[in-house]
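Undergrad: Can you keep this structure in mind? I'll have questions shortly.
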C-alpha cells in the first residue's frame with residue numbers, strides 16, 4: 001500500500017497511491033513494491049520520503065496507528081551517523097576541534113583549550129567501514145529525517161549555539177577570527193581550499209534513478225537544524241535537503257515526472273513568491289529575503305483569519321531563481337548554504353547523457369542571515385525552493401521555470417513577483433493577497449514602489465536620486481490610481497507585483513497570457529524571425545502580461561493598485577546607470593503601448609461588461625494622446641523654451657535688465673548645440689564611456705530650465721496688478737490671455753502635484769525633491785528619449801546569453817543493479833569537510849567585499865538590420881520634431897501670428913503654446929479626477 005499526504009493535517013493517509021497529475025501515464029510506478037521490504041513484516045506501514053526513495057522502516061513492537069506511522073528512534077546511544085556508517089574506532093580527533101581551529105587563517109592564533117567554550121565531542125572520520133561500498137536500494141532512508149543514503153554524512157553539532165531570533169537577525173554573536181583577504185573569485189583562499197578538499201574526497205555511490213531522474217535527499221549540517229522547530233514541521237523535513245537535477249525544458253518539468261516537496265506533502269499553497277536574480281550581490285538578496293521572511297512571520301500572527309494562522313508558513317513557498325550558475329555571486333551561494341538550501345559537491349551537469357538545465361534545491365529553513373553575516377534562527381520556518389539555472393537565459397526564462405515548471409505542481413492561488421534588491425515592507429505581501437481575497441475579479445495587482453532614500457534621506461543629496469524619488473511618488477499618486485479606476489494598469493512592475501494564478505494561466509488550447517508573455521523569450525533565440533519591433537516590445541514584458549490579462553478571451557479580469565502595499569528599491573545613482581535603465585524602459589514602453597493600441601479591439605472579445613469595455617476604450621484613446629505627446633516632446637519642450645523667453649524679453653520690461661536679447665541668443669544656440677551633442681553621443685557612445693559628456697549636458701540643460709522658469713515667473717508677474725487698486729478689478733485679470741494660459745498651465749502641473757500630494761497625505765517629496773525634478777526635466781526629454789531612440793537596435797538587458805553546456809561538475813552515469821536503474825555519482829562523505837566549509841562560509845559573510853563596476857556586453861546578432869531600422873526611426877523622430885520647430889519659428893508664421901493674434905493684452909504669446917497648455921490642462925485634469933475617484937472608492941472598500 002502507498003500513501004499520500006492529507007491537505008488538512010499534513011499526516012499521511014492510506015489512499016492506494018499518490019495523487020499524481022493526470023498526464024502521468026503510470027501512477028503505479030510511484031508505489032513502493034513490497035519486495036523492497038523483504039525480511040520485514042509485511043504489516044509494517046511504509047512511509048514514502050519526499051525524495052521518492054524506497055525506505056526500510058525500523059522494526060518496532062509498539063502498537064501504531066495504521067494510517068500514520070513515524071519510525072521511533074532506537075534505544076541505542078549511537079548517532080544517526082553511526083547507524084548509517086557504523087561506529088568508527090577512536091582517533092586523534094575523537095573530541096573534535098573548535099571551529100577556529102578548522103578555519104584558522106594566516107596570522108590567527110589558537111585559543112587555549114582552557115578558554116574555549118565546551119563543544120560536543122564527535123567521532124573521528126579517518127576511517128569508514130563502508131566507504132567503498134555501493135548503496136543498494138534496500139539500504140536507503142529509514143524515514144525522511146534519516147535519508148542519509150545519498151552518501152553524505154550526518155553532521156553533528158560542532159558549533160556554539162546560535163541566537164533565537166523573532167525573524168530578524170541581531171549582531172549578538174561573539175566575534176570570530178578575521179579570514180584572509182577576499183579573492184577575485186568571491187571567497188578566501190581558505191574557503192577554496194576547503195571546497196577543493198571536499199570535492200577531491202568524494203566517493204562514488206550508486207543512487208536509484210527516480211523515473212530516470214536524479215533526485216536525492218542530502219543531509220544538512222547540524223548548524224542548520226534548529227533545536228526548537230516551528231509549528232507544523234514534519235518529521236525529517238528540516239534534516240535533509242532535496243536535490244533534483246532537472247534535465248528538461250521548464251514546460252516539460254511535470255511531464256518528465258519531476259516533483260516538488262509541496263506536491264508530495266499534499267500542502268495547499270496560497271502564496272508562491274519568486275525572487276529573480278542575475279549577478280546581484282548577497283546584500284541585495286538578504287535585503288529582499290529577510291523582508292519576505294518578515295512578511296511570512298506576520299501571516300502567522302493573524303490568528304483570527306480563515307486562511308492564515310500559526311502554521312501559515314506551510315501555505316507560502318519562496319522560490320529563488322538564479323540566472324546562470326557561472327555568473328551568480330559566490331557570496332549568494334554561501335548565504336543559501338548557511339540556510340541549508342544549497343550544498344557544494346552534489347550538483348551534476350549531465351545525468352545519463354542528458355544536459356542538466358537547472359539544479360533545484362528544496363529545504364524548509366529557520367535560519368536567518370543578516371546583511372552583516374550574522375546567523376541566527378527565526379521563529380517561522382520558510383519553505384525555500386532554489387533553482388540555479390545552468391545557463392544564463394535571462395529573466396523571462398526564469399519566470400518560465402516559476403510559472404510553467406513549478407506552478408502546475410504547486411498550484412498556488414496568488415503568485416508574487418519580486419526582483420532581488422526590492423524590499424517589501426512588513427505587511428505588504430499580505431495587503432496584496434487581501435486584494436485578491438476581497439475582489440474575486442482582480443487578476444493582477446501592484447503596490448507602491450518607492451525610491452530608497454537612505455537613513456534620514458541622505459541619498460537625496462544626489463540630485464539624480466531626488467529627481468527619481470519625485471517621479472516615483474507622483475506616479476504612485478496620479479498615474480496608477482487613475483489607471484486603477486479603469487481596471488487596466490499599463491504596467492505591473494516585475495520588481496513588486498502579484499498575479500492570480502488562474503488569471504495568467506493559458507486556455508486549454510495553449511493560448512493565453514503566459515503564452516503571449518513567454519513569446520518574448522523565443523524572439524532572441526538563434527534563427528528567430530522576430531522583428532525589431534517585437535523584440536523592443538518585450539523589453540517591457542510586464543506591460544504585455546498586464547494587457548493580456550485584461551483582454552483575456554471570455555474573461556473579466558481587472559488590475560488594481562494597492563496603496564497599502566509598499567516596497568523600497570534602489571534607484572540609479574550614476575548617470576550611465578540611469579541612462580541605460582531608462583533606455584530599456586522607454587523603448588519597451590513605447591513599443592508595448594503601440595502594441596496595445598493596435599490590439600485594443602481585443603477588449604471587445606473579453607468577458608467584461610459593456611460599461612467597462614467603453615471605459616477601457618476611452619483609456620486607450622487617452623493613452624494614444626499621451627503617446628503622441630511623448631513622441632513630440634522634444635519639439636514641444638524647445639518651443640516652450642523659445643517662446644516663453646522671447647515673449648518675456650520683447651516687452652517694455654526686460655527681466656535681464658537690457659541683456660535679455662543677448663542672453664536669449666546665447667542660450668538658444670547652446671540648447672540646440674546640446675541636442676546635437678546628445679545625438680552624436682547616443683549614436684556612437686555608451687553612457688559608461690561618455691559619463692562626463694552626459695553629465696555636462698545634464699548640467700547645461702538644468703541651467704536652461706532655470707532660465708525658462710525665471711522667464712515664466714517674470715511673465716506672470718508682469719501681467720498681474722502691482723497696486724492695491726489694480727486688484728479691485730480681478731475680472732480684468734482673467735481677460736489677459738497670457739496670464740490665464742500661463743497660470744492654468746502652471747496650476748495643471750505644479751499646482752496639481754501639490755494638491756494631490758496633500759490629498760494623499762504625502763507632501764514631503766514636494767519639499768525635498770521638487771526642485772531637483774524640475775531641473776532634471778529637460779534631461780528626461782532631450783537626453784533619455786533621444787538616447788533611447790538612437791539605440792533601438794540594442795534589445796539587450798545588459799546581459800549576455802549563455803547557450804553552451806558545461807562539464808565541470810561531473811556526470812551521473814547510468815548503471816543497472818539487480819534489474820534496477822542506478823546512477824553512479826561522486827558525493828561528499830567526510831563530515832569534517834561539510835562542517836568546515838559551512839563554518840568558513842559563515843565566517844566570510846562577515847567580511848564585506850568591495851563592489852566592482854559592472855561591464856555590459858552589447859548584443860551583436862542581427863546588427864546590420866537592427867541599426868538600419870534604428871536609423872530610419874531616428875530620422876523620422878528627429879525630422880518630425882524639427883519640422884514642428886521650423887514651422888512655428890519661421891518668420892512667415894511669426895508675421896501671421898502678429899497680424900491675427902497679438903493685441904494689447906496678450907503680448908506676443910504664441911497660439912501653438914495655447915494648444916499645448918490647454919492639452920496639458922485637460923490631461924492633468926483627467927489624472928486628478930482619477931486619483932480623486934481612487935480615494936473615494938478606497939474609502940468605501942472598492
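Every residue gets a Cβ built from N, Cα and C, even glycine.
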Undergrad: Suppose you had to name the range Swiss-Prot annotates as transmembrane segment; which of 560-580, 770-790, 791-811, 812-832 would you pick?
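TA: So the range that Swiss-Prot calls transmembrane segment is 770-790.
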Undergrad: Between 739-759, 844-864, I'd like to know which one Swiss-Prot lists as transmembrane segment.
TA: 739-759
Undergrad: Quick test of your reading of Swiss-Prot: among 696-716, 717-737, where does it put transmembrane segment?
TA: 696-716
Undergrad: With the ranges 663-683, 894-914 to choose from, which does Swiss-Prot describe as transmembrane segment?
TA: 663-683
Undergrad: At a threshold of under 8 Å on Cβ distances, which of 625-645, 739-759, 770-790, 916-936 pairs most often with the transmembrane segment (696-716)?
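TA: It is 770-790, which has the most Cβ pairs under 8 Å.
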Undergrad: Sequence-remote contacts (6 or more beyond its ends) of the transmembrane segment (590-610), Cβ cut-off under 8 Å?
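TA: Distal contacts: 490, 533, 536-537, 539-540, 543-544, 547, 550-556, 558, 616-617, 620, 623-624, 627, 630, 788.
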Undergrad: As a test: from 663-683, 739-759, 916-936, pick the stretch that has the greatest number of Cβ pairs under 8 Å with the transmembrane segment (770-790).
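TA: Ranked by Cβ pairs under 8 Å, first place goes to 663-683.
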Undergrad: Please indicate, using numbers and ranges, the residues of the same chain that are 6 or more beyond the transmembrane segment (739-759) and have a C-beta under 8 Å from a C-beta there.
TA: 473-474, 477-478, 712, 715-716, 719-720, 733, 765-766, 770, 909, 913-914, 917-918, 920-921, 924-925, 927-928, 931-932, 935
